[in-house]
Amino acid sequence: MLPSKQHLHSNLGLSKSRKTIAKRRQKNRVHPEENLDEELGEFGINQKYIQNEEEQWKALVTIKSLPCSMATKRTIKNKLFEKPVKPVKGCDAWKYHQKQNWRKFKISLKETGYKLELWRSWFKRIEGHQGTGVLSYFVFLKWMFFLNLYLFLIMFWFVVFPPIAFNAESTYTTDVTGTSVSGVSTTNTATCTSEYDTSLVYSTSGARVVQDFIQGTGWMEKTALFYGWYPAKEINITSSNEYLMPFAYFMAVLGVLFFSLVRMARFTIRSFKENLAQDNQKDKVDYCNKVFGGWDYALDDENTGHGKKNSIYNDIIANLDHQKYVLTRSEWSTGQKCKTYTIRVVINILILAILGGAGYLIYYVNTWATDYLATEASSGSVVILLVEFLPSLTITILNVVIPLLFEVLVKAEDYTAEFVIKITLVRTVFLKLASLTVLMISLYIQISCSTKTANCNVCSTIYCWETYVGQTLYKLVVLDFLVHIIVIFCYELPRKLCTTKCSCGVCAKVGPAEFDIAKSVLDLVYTQALCWIGFLYCPLLPALAMISTFTQFYLKLFSALYTTVPPEKPYKASKSNNFFMIVLMITFFLCCFPVGYSMVKITPSKGCGPFRIYSDMSVSVDTTISNFPDGLKTAIDILTSTSMIVSILTILCLTIYYLYVRGKAHNERAEVMKEQLVMEGKDKQFLLAKMHDITGEPRQKPKKHQPPPPPTVNTVNEAEDVETLWS
């Protein structure tokens, strides 16, 4: 009995699927030399019915989709089109030509969009020079640029543009105050607004203007960049249409967060599907695909071809390096394993201590700077500027120095190149998010002091705490951008020049800097975290993040092509974009907490911003709903009730469970099909053995492994040719 039959004897559920697969394979066979008409009839092609151009075009589309070689398709096409066909006439002709024109228009539109794709040509150069690992960073940067562009458009259209283009009401109307809504008070609002406007005194000297631009203070505080500039009253768009600025501001913030989440979810799902398809391929198949199917025969430029060759070479080297590490790790002894794991535990404890010390330093510096500015306000302008920037400088310096320490420590842990990037990303994310968390806690302590004034609820000199927080995050964005420029032109470029122009042994040993993928990705994540935390207090912060990412692309492009070299350990980038997005999504959820807490728990400033008359920002939604018709208010109450929310959550849980079960069933089905393929191979071996037993022919035994012959002149020349080919 065949091995597959023996298997089916123990598992009868596979017989039906095997028959189905056999019928499907029999159906998909195409033999144009034997009974071509019958074979074409199985695919819906009949030469007798091809009478006009439209039928000919449909047959051609069907031929393109046939599972056969190109030579077979040409044979079928020549046989079908050997006789002339009649042109389509009348109304059918008009429809046919319109379909053809629409198809050609879509193709041309797609080609035009491909040619106009942002940074497409630069991506090819980066891939050829640095490999796919570095290219994955630039793809991620491009995605971040468009994300910030969309966020900027949302905030500009719904928040920034209306108060700039139209005038606000002179008094608070019921549309803003609501009808019988608690948490609304216009008492002392005019007085507090006047005090805030009076506090905005600034100098017009050139040095002071530049200083205010860097810090976001003075004249910058009276612009649309910060929260305190926006009005709390209705905006007159027309005589009969009013724009509710508080409600629009609140909903725009929610819209930005929701849009960011949807974009990240779509990208993650698409990357997950691609990675799932790649995971199903074995490494040997992957090598075959890269060597025999990875070349693009449409390339007509020598530089582009050289870059494509380097890209294929780097991918193969990365795969081989990963397999070499896996093989080496499988041969570790018990002592080597204990030594490695002990080193990893000690290093992780040390890293936790470093993170704790960094958090305490940020808190101490921020507290000291606040106390100094409150007691030494009469000091020189340069000293005041340095003290005001001291918390931001501390965070920036720690974010630059500590990741370098992480890179040194991770080398002693003996991880793969792919996992080194992942663990470094996670550690640096915790560092940067922890620094931001400590900063936000210290700011919260400042704005929730116990010595507030009775009328305007103000702590010391902070008349508008939202703008104060926005200024702090604005300074962090500016410093982060300046650090990128300084690192490239003051560290990477001089190091590259020294190693290439200087022939001394020290410079040759140091070598040029490597392109650090983990640090570069974390810089993007950090910038985006500042944007998500700060856009509530600084509505135009997404515009600054967009400008920063756009400029950062060309800075990193210069770094990748001229000042750095590819990583020493080639990086297999098959799952990099997906992992980058997971890190970004974790950062997003952590950033949502301070934003959400500010919107529902902290009392807004009474002298600035669109929420100055409310006890918290979410009251603006209650006031808007209170002016709706009774039927709509009842519907909203039902949709936001506890029973409705519980029902929706229950349905979502059941849906997730159903999709999980279905996915599990599909995976089991795939495993069954793999087993069937294995059993078919065993069937072939079994039949060959039986055939040799019947005919009496001796079986061919596998050849024993013999050492390779000593190298000759020809083999040495061939090896040199191969090395020259990939160099």
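Placed from the backbone N, Cα and C atoms, the Cβ positions cover glycine too.
What TrEMBL says about a protein is an automatic prediction, not a curated fact.
As the structure is a computational prediction, the values presented were derived from the model and not from experiment.
Pulled from TrEMBL:
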REGION    1-33  region 'Disordered'
COMPBIAS  16-29  compositional bias 'Basic residues'
TRANSMEM  134-160  transmembrane segment
TRANSMEM  243-262  transmembrane segment
TRANSMEM  345-363  transmembrane segment
TRANSMEM  383-409  transmembrane segment
TRANSMEM  429-447  transmembrane segment
DOMAIN    464-574  domain 'TMC'
TRANSMEM  579-597  transmembrane segment
TRANSMEM  638-660  transmembrane segment
REGION    697-727  region 'Disordered'
COMPBIAS  718-727  compositional bias 'Acidic residues'
So if I exclude everything within five residues of the ends of the transmembrane segment (134-160), which remaining residues of that chain have a CB under 8 angstroms from its CBs? That is, six or more out.
118-119, 122-123, 126-127, 224, 230, 248-249, 251-252, 255-256, 259-260, 263, 267, 515, 517, 520-521, 524, 527-528, 531, 535, 539-540, 542-543, 545-546, 549-550, 552-553, 556-557, 560, 566-567, 571, 573, 576-577, 580-581
Residues outside the transmembrane segment (638-660) whose C-beta sits under 8 Å from one of its C-beta atoms, at least 6 past its ends, are none
How about the transmembrane segment (243-262) with the transmembrane segment (579-597) - do they touch, taking at least 3 C-beta pairs under 8 Å (6 or more apart in sequence) as contact?
yes
Which sequence-distant residues neighbour the transmembrane segment (579-597)? Criterion: at least 6 residues beyond either end, Cβ under 8 Å.
136-137, 140, 253, 257, 260-261, 264, 267-268, 271, 422, 425-426, 429, 433, 440, 521, 525, 528-529, 532-533, 536
Helix, strand and coil totals (DSSP H, G, I; E, B; other) for the domain 'TMC' (464-574):
84 helix, 4 strand, 23 coil
